[in-house]
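Each remark here refers to the structure printed beneath this line.
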């Protein structure tokens, strides 16, 4: 155990390093990536890992730490995590209303026989990156030999889409030089005893519908208005939304984190139009957050959206290009998956295998043909990513270190 021989009242070195990472304010809209880079460089030097920092967009470093294997011709293992975190209320007069402790203090608070560590990023996802580093410390300290090369990648901007981070990285020669064979990335916490293992994710597909119609004074019965077209279109979209929810309730009895990725969701989140109350607007628009399950063809679904728009005489704009969601094979044909399951089983851990309902950087890895599994060592804990009072139990951090120590060793020694 990482805490062997250390009294509970004494902070273990691994926890001190984790808390230092959490205290770095890599928070949007202005993440402190430079301090983060220096912290990671120091960790690499301490552990004895090769260190490289590259920037595809100025001020947004992608960090690559490498541990060469004894057989570097074999495809490597990628251990990916993102360094950025989502915003919090930063004003001293505001955070106490939502947080028990300052969100970047990484306060270590006794909780029975355990400790809670409060910080933004404690669950999403600095715990995973820290577990990788501590696991490799363990392997090196034990003198373990690894056949495959390990690459730890710490990437920016995942929380805002990864466009300036992983999206550029996977297209670069730097990435091609890694000779990647398999990747681990983030999962999500679970209130139950299992670990989520995500083998795919839904495609984010934001769409803007704009209706145009007759205008005039607000006191009149004006025909063919923009808002009437948009209301009719919205009603049809919401019927589709209900049908997708019904699929899950009929199959599982309820909608949950483990099954949400099997269907497509859409939510009308932005409405724009009108100049004042007594003027019927010439145009009105709705921006819709669509998450397309990889079990349907994205092109066919977009054709459906186009047909709904045409039916109601509404313009449609796809805000950004979207690719078909790729899924990692989780059959016995995938030796990486089989190894992951064997390691977890040996530690008494079970997985819930699912499609991630939102989006992570794993999609970029899968898009370039790298099988990836998203998993985090967080179970029996409230799901607090992007939520006030985010925390992790210290015991789960130690459990994660042990899990990754064994998992990395077995993956890196596959033939």
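Note that Cβ sites are derived from N, Cα and C of the backbone, with glycine treated the same way.
Automatic prediction, not curation, is the source of TrEMBL annotations.
Taking a C-beta cut-off of under 8 Å and a sequence gap of six or more, residue 124 (Zn(2+) 1 binding site) has these contacts in its own chain: 85, 86, 186, 385, 386, 390. DSSP assigns residue 124 (Zn(2+) 1 binding site) to coil in the three-state reduction, placing it in neither a helix nor a strand. Per TrEMBL, Zn(2+) 1 binding site is recorded for 82, 124, 186.
If you look up TrEMBL, you'll see 84 marked as active site. For residue 84 (active site), the number of other Cβ atoms no farther than 10 Å from its own Cβ, over all displayed protein chains, is 24.
According to TrEMBL, the feature Zn(2+) 2 binding site maps to 124, 159, 386.
According to TrEMBL, the active site, proton acceptor annotation covers 158. The secondary structure of residue 158 (active site, proton acceptor), as reduced to three states from DSSP, is helical. Take the CB of residue 158 (active site, proton acceptor) and look out to 10 A: across all protein chains shown you find 25 other CB atoms.
The domain 'Peptidase M20 dimerisation' feature in TrEMBL is assigned to 200-315. In the predicted structure, the domain 'Peptidase M20 dimerisation' (200-315) carries a mean pLDDT of 98.
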Query raised in the report: Which residues, same chain and not among 82, 124, 186, have a CB within 8 angstroms of the centroid of the CB atoms at the recorded Zn(2+) 1 site?
Result: 81, 125, 126, 128, 158, 159, 185, 360, 385
**Report entry** Alpha-carbon distance [residue 159 (Zn(2+) 2 binding site); residue 84 (active site)] in Å
**Finding:** 7
Requested in this report: Could you tell me which three-state DSSP class residue 82 (Zn(2+) 1 binding site) falls into?
Outcome: strand
Query raised in the report: In angstrom units, rounded to an integer, how far apart are the Cα atoms of residue 159 (Zn(2+) 2 binding site) and residue 82 (Zn(2+) 1 binding site)?
Result: 8
**Report entry** Additional residues surrounding Zn(2+) 2, by Cβ distance to the 124, 159, 386 centre under 8 Å
**Finding:** 85, 86, 121, 125, 385
